[in-house]
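Enquirer: Just dropping this structure here.
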Amino acid sequence: MAFDYDKYIRPGKLPHIWCPGCGHGIVMKGLIRAIDTLGLDKNNTAIVSGIGCASRLPGYLDCCTLHTAHGRAAAFATGVKMAKPEMNVILCGGDGDGTAIGGNHFIHACRRNIDMTYIIMNNNIYGMTGGQFSPCTPTGAKASTTPYGNPDPSFDVAQLAIGAGATFVARGTAYHATQIDKLIVEAIQHKGFSVVEILDDCPTTYGRRNKFKSVIEMMNRLKDVAVPVKAAEKMTAEQLQGKIITGVLHKVEKPEYTTEYAKVIERAQK
Amino acid sequence: MEKKLPTIEIIEKYCKGCHICVEFCPTKVLEMKGFVASVKNLEACIKCMQCELRCPDFAIKVSA
């Protein structure tokens, strides 16, 4: 049977606003399948986002949703989780929203290890605002604000999250659609702050400026650069040049913030 | 025994014509008809569901 996505989508919201070939729709499908697999209660699941193309995602989902200020998804979501620790909190947003404008909130949410799942759709650019370069735009790539090539080195979102203290970090791509929901399921199940970076394509503002002839070419690039963690272990540094490792990259157990905070409340009330 | 064919429903209102389903179908079941995808060769369908999984626009539903 075909999977019934309509059960999780607000009636009358489709077709969505994303451009033809944009991978955000594929990620949203993955998220819906993950929510279905885990059997999460729609009324006890909060989807929080900031501003941007990827951040439009909660608007389509029939869960408790919060569309907040640019980059502030982590801040608002922390508030939701602290007020209702039993709630499943899922954040979504793009690379610009998460690592530039909301970079500070992102690293501190990682540091606190609060039990939330952050899905970062990394399409290497600020799509909605007009194709400005983001911290994830590769060096040399063209954007509307770097017409002669981007001189900045780019962020590795997964490494940033690991460095900041996130206890679960995974990476997938929009091409590998079956993997997305598995990674999200594992991330939601993990007790602590989990980050799932999904490499995405932006054919409109990134692809056109960077000589990608079509959406298919962008999807094939994702297919070519992705190397699963297990395969990467057997490869040399030279072979891994220009490749991106996908799968579960980091998983450790650490004290979770809401549980620790409950202890603080208990101590204070003694 | 006659092979049971799946049904592939394409919601034309949702399809934005990105070609993803057409290009990544391993048995070339789909084609572009103008701006939207359509079924060309249903007989060849192996029900791998890749088109449904990769359609970013929720426009394809495959029922086996």
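Going from the start of the chain as shown, residues are counted 1 onward.
Heads up, the Cβ atoms here are built off N, Cα and C, so glycines get one too.
Remember, TrEMBL labels are computer predictions, not curated facts.
The feature domain '4Fe-4S ferredoxin-type' is assigned by TrEMBL to B:6-35, B:36-64.
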Enquirer: Averaged over the domain '4Fe-4S ferredoxin-type' (B:36-64), what pLDDT does the predicted model reach?
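Expert: The average pLDDT of the model in the domain '4Fe-4S ferredoxin-type' (B:36-64) works out to 90.
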Enquirer: By DSSP, how many residues in the domain '4Fe-4S ferredoxin-type' (B:36-64) are helix, how many strand, and how many coil?
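Expert: DSSP composition of the domain '4Fe-4S ferredoxin-type' (B:36-64): 8 helix, 8 strand, 13 coil.
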Enquirer: When DSSP states are grouped into helix, strand and coil, how many residues of the domain '4Fe-4S ferredoxin-type' (B:6-35) land in each?
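Expert: The counts are 5 helix, 8 strand, 17 coil.
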